[in-house]
Amino acid sequence: MHDQWRLLTEPGDREVWFGKATIIENESIGRDLFRLRLVCPPIARGIVPGQFVMLRLPNHYDPLLGRAFALFDIFSDAEHGEPAGLEIVYSSIGKMTKLLARWPVGDYLEIWGPLGNGFPPPSYRILVMVAGGIGYTPFMAVGREAMGQRRYGYPPRQVPPVTRAQLLFGVRTAELLPKDLWRFEEVGIEVKTISDDGSTGKKGVASELLLEELGKLKRDELAVYCCGPEALMKAVAEICLGQDIPCYLSLETPMACGLGLCYSCVVRVRDERESTSWDYHRACIEGPVFDARRIVFE
């Protein structure tokens, strides 16, 4: 195993580690979908739901830069029960991820993280998670923490458990659903699907499913977390803001460094004190999770 880890941040700052993470699984779980398991104890100990890591193929110069990947979950070592590594789900649709899909078990990837902020620990009784496409990936860790099944971060976050957690998942067609979607139900998360063509669940999009579910729930007892295409997040934000429901969005913004140095991931964010003014914020530092009230959509 590769165990050479280097701390990138100054003492007292939030720890960001760089190292070589050994691949112990790289398995297909659906059409163009893969589950990756990486051994990286320093990152697994500190990461929280909603944060991400950067991965880079070693000794490769095309692509040269790393890519951002959301935390799906952590796993522990069998002997001591301590955080040992990360589970990441990715879609093999670009040059880097198509190469990654062929990367062998036993080899390694360059990795740095944990990066960005995470979803805030839910302080409501009901958590509704809305996802489109690959945007479902943060919600296994989010849901497990919310249900009181696993603690994340160092020191581990104290999160009062919710009484109910839902995943509302929209895809273009049923063929794009992950084969292991049952894992969400296994940990107690209710899963409802919807698709553009009606091949899974009703015909429609995830924001329509959210509207339907909100009619059945007590709105003063819930919060909504969302990740997916910008059109979905905009629609979800408008629904929640119109009904005064707390809503947080995880933005899927292209990133080159993940450390706030290149400013390639800036997004427009409203000033907390003056809602009519906004400025650019780095999604890799101040995000990728933002309060929906602050995001300025196109």
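Positions of Cβ are set from backbone N, Cα and C atoms, glycine also.
Caution: TrEMBL annotation is automatic and unverified by curators.
Fair warning: this is a prediction, and the values are worked out from it, not measured in the lab.
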Given that TrEMBL assigns C257, C262, C265 to the [2Fe-2S] cluster site, pick the one from C227, C240, C284 that the record assigns to that site as well.
C284
So, by DSSP, how many helix, strand and coil residues make up the domain 'FAD-binding FR-type' (16-121)?
12 helix, 51 strand, 43 coil
Same-chain residues at least 6 apart in sequence with Cβ under 8 Å of the Cβ of C265 ([2Fe-2S] cluster binding site), in sequence order, are T253, P254, M255, A256, R282, A283, C284, G287
For the domain 'FAD-binding FR-type' (16-121), what's the model's average pLDDT?
95
Using all protein chains shown, find which of the binding-site residues C257, C262, C284 scores highest when you count other CB atoms within 10 A of its CB.
C284
Cβ within 8 Å of the [2Fe-2S] cluster site centroid (C257, C262, C265, C284 excluded): which residues?
M255, A256, G258, L259, G260, L261, Y263, S264, R282, A283
